[in-house]
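Summarising the annotation, Swiss-Prot assigns domain 'Flavodoxin-like' to 6-168 and lists sequence analysis as the type of evidence. Annotation comment: Swiss-Prot describes 12-17, 59-62, 106-115, 142 as FMN binding site, evidence class sequence analysis. Positions annotated as domain 'FAD-binding FR-type' by Swiss-Prot: 226-474. What Swiss-Prot lists as FAD binding site is 384, 414, 415, 416, 417, 446, 447, 448, 449, 624. Taken from Swiss-Prot, the feature NADP(+) binding site applies to 539, 540, 548, 549, 550, 551, 552, supported by sequence analysis.
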């Protein structure tokens, strides 16, 4: 039973905040603290009035925004969410004075608005609406350079475990005893090898027979999410050279209702596993294979949030769950091991070898409960080892399929920027196919991009369209400086075709002019027509790019122009591409340009000017 007085809320873009929230929930359950665990966007606003202890773990996305599942509900609507409610100006200053709150922010200090998500929540919930902090807000930095782990070199995990330790100590101090069978007794945690059964359990349906001959693949349906749309594939063309190692796709589909979209909007696609990976999983768990095509039901389905985004597959079997819902090719997170290590036991499909069994159980337990995560990182993250491969490695791991919804990660939609013109009846995406070799010398493929490679003309794709409201009226009509290496070009292409800006300057970079100059003909035509001012660079092609290796080099080469646009014409700077060094170097270059040409007295003034640009959305950054 959920306890409305103790609530764990999370807002997560990549899954880190979600996993930490699930770990915290797992630890509290083992101490017999019943509670509610839910995404911020799905938490009913009125429930906060009954809450006494509120634990929030939240990351930051975009221009310092809350993650999508924090500002929208599972149906993609912001209306009626907790955040919309909390932003109401009419709320009294003591609305949350009954709430004791602890907050953890997950961020990356290479972004200008580091941990703004949790800071927004903190400002509103604590400073403006009266909630009491159990302890000061903690902030983690993926780079280990800022926030609560500043200068320590420690990752977000160390900050999370400090957060967890403080919460558990606080709750045990408040409630050292618990009531059991009408009597008070000391609050002692469950032994680690005791598995906590979830509320959502898979059961074989009372309908007899398998599904093999009942519903062919063409009859696969998804129910429970009315916001899902179905597009028809029109193009799936490689737009890099055929002999180039990076396959980039122009992926075009016709929308179901010809929905309107705008520059900066995105589309989420719902991928699926390959039949081969599904079969490999079933072979690694023979007891699953025996019932793989039996019809299933889910207990307490109405309170299962795992299918709210995208709906649940019908017919529901282990095979269809593995194909359409369980992300068996993702890298397992610590919570996976925390919940499954106890299932490593001698069984009929694996001859008993007590020494090996103990080794495997100890290793799985260490991955699940160890606070020094280096071994887990070396085993899973560094070689990009998948859930499927873990199950193949640990032969004694016999997973009960009945509890699969508790420990297997779910396939999440993948988000892509729209690159077609807003007037186009179709949606065009520009997608880099993920394919690489790891330390294990195995070829890795991205789940969604591998799925996209299987799609041909007239195939159906499941999608949702997100209106992100990137641009506001105050900046439209001004000059714009667009910096976009690689597929970061996608939203720029949409923006250029929208004709919303007076003068458009595009700085595009990639590796080789003859291999991956994306949309070269289109960009060259726009340059000839005077639609854009185009500056290119190619990092591995010094013949065609002798004076600029990276986009920041080309910006510096045009420093006088850039300074004039920013300082005299109030130009907008928009950066889009992969995270890491690029956005940091571009920002540093812009600061140096301002220092050189801006007549600022010192570097601090130039930095202050750029921060003011960020505050007023004249400097925008979208990276992934």
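Here the Cβ of each residue, glycine as well, is placed from N, Cα and C on the backbone.
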Out of the binding-site residues 62, 111, 114, 550, give me the one sitting nearest to residue 447 (FAD binding site) by CA distance.
62
I need the CA-to-CA distance for residue 62 (FMN binding site) versus residue 540 (NADP(+) binding site), whole Å please.
30
So which one is it: of the binding-site residues 384, 540, 549, which has the fewest other Cβ atoms within 10 Å?
540
Using a 10 angstroms cut-off on Cβ to Cβ distances, just flag whichever of 12, 59, 449, 539, 552 is the loneliest among these binding-site residues.
539
Counting other Cβ atoms within 10 Å, pick out the least crowded of the binding-site residues 111, 415, 550.
415
Inter-residue C-alpha distance, residue 59 (FMN binding site) and residue 552 (NADP(+) binding site) (nearest angstrom):
28
Within the chain of residue 551 (NADP(+) binding site), which residues six or more apart in sequence place their C-beta under 8 angstroms from its C-beta?
483, 484, 485, 507, 508, 509, 537, 582, 586
Cβ atoms near residue 15 (FMN binding site) (within 10 Å, other residues, all chains):
17
Max Cα distance spanning 384, 414, 415, 416, 417, 446, 447, 448, 449, 624 (FAD binders), Å?
25
Just to verify a number: CA distance, residue 550 (NADP(+) binding site) to residue 114 (FMN binding site), in angstrom, no decimals.
25
So how far apart do the NADP(+) binders 539, 540, 548, 549, 550, 551, 552 get, largest Cα to Cα in Å?
15
To the nearest whole angstrom, what is the C-alpha distance linking residue 449 (FAD binding site) and residue 15 (FMN binding site)?
19
What count of other C-beta atoms do you get within 10 angstroms of the C-beta of residue 548 (NADP(+) binding site), across all chains shown?
21
For residue 114 (FMN binding site), which residues of its chain lie six or more apart in sequence with Cβ-Cβ distance below 8 Å?
60, 107, 108, 139, 141, 146, 147
At a 10 Å cut-off from the C-beta of residue 447 (FAD binding site), count the other C-beta atoms across all protein chains.
21
For residue 449 (FAD binding site), name the DSSP secondary structure in the helix/strand/coil scheme.
helix
Quick check for the class: what is the C-alpha distance, in angstrom and rounded, between residue 549 (NADP(+) binding site) and residue 384 (FAD binding site)?
30
